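So the structure is just underneath, and the comments pick up after that.
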Amino acid sequence: METSLRLRGGGSRPQSKSQEGLRIHAKEKLPIASNALLQAHGEIHAATGAPTYLALLFRNFYPRLSANLGLGLAIHFRNNQPLPLAWDNFSYTLRASKAIIPFPSNALLGINLKGRLLADKYFNPTTRTAAVELAWTILDLKRGQDVRLKLGYQLLHKMPYFQLRENNWTFNAYMDGKWDVRFDL
């Protein structure tokens, strides 16, 4: 099981305010075929102990295409809602990504294309995201220290973002003032 501590801040919308603070996130990947897995993950708010998110996602990988596709469902808990009300925030998830290696001589520099669609329990689309990222991985920057830099642009929101990952630490920053830090345990 993969476990991480996640801290988010900087949001100005009420929805993002409910997601701020320290959360404990757990993820388990269960292989079901050579190129497919079932991914279950959830998180709890560290201060209240209340669940904030639960999800189950079927993911299929296409190695020859450097692509993957995911389909699943999720529940977002908002402001310590009791369990029956939390089911009102049930959603379906469809996500896809494709990696492009523009320089075959340097496989550590690449372009990622990502898309995600969330739909409510009646299959009405609620959230769409699409992004393009330039990703650069630097192995052994210092002994035992791998670094990954990502510069991305959210196409639908017209907003750039940045990610810096160093071994177990990840820092994300967005131009609208949001940010998050993750530490993989």
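Each residue's number is its place along the chain shown, starting with 1.
Cβ coordinates are placed from backbone N, Cα and C, and glycine is handled just like the others.
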Given 51-60, 161-170, which one carries Swiss-Prot's transmembrane segment label?
-> 161-170
Match it up for me: which of 78-86, 177-185 does Swiss-Prot list as transmembrane segment?
-> 177-185
Are K27 and Y174 on one side of the membrane in Swiss-Prot?
-> no
What are the DSSP helix/strand/coil residue counts across the topological domain 'Chloroplast intermembrane' (171-176)?
-> 0 helix, 4 strand, 2 coil
Sequence-remote contacts (6 or more beyond its ends) of the transmembrane segment (161-170), Cβ cut-off under 8 Å?
-> 131, 144-154, 181-185
Would you mind listing the long-range same-chain contacts of the topological domain 'Chloroplast intermembrane' (40-63), meaning Cβ under 8 Å and 6+ residues beyond its ends?
-> 5-6, 19, 21-28, 30, 69-77, 80, 86, 93, 95
The transmembrane segment (89-98) vs the transmembrane segment (30-39): 3 or more CB pairs under 8 Å = no
Excluding the flanking five residues on each side, which residues at least 6 beyond the ends of the transmembrane segment (30-39) place their CB within less than 8 Å of a CB in that stretch?
-> 55-63, 70, 72
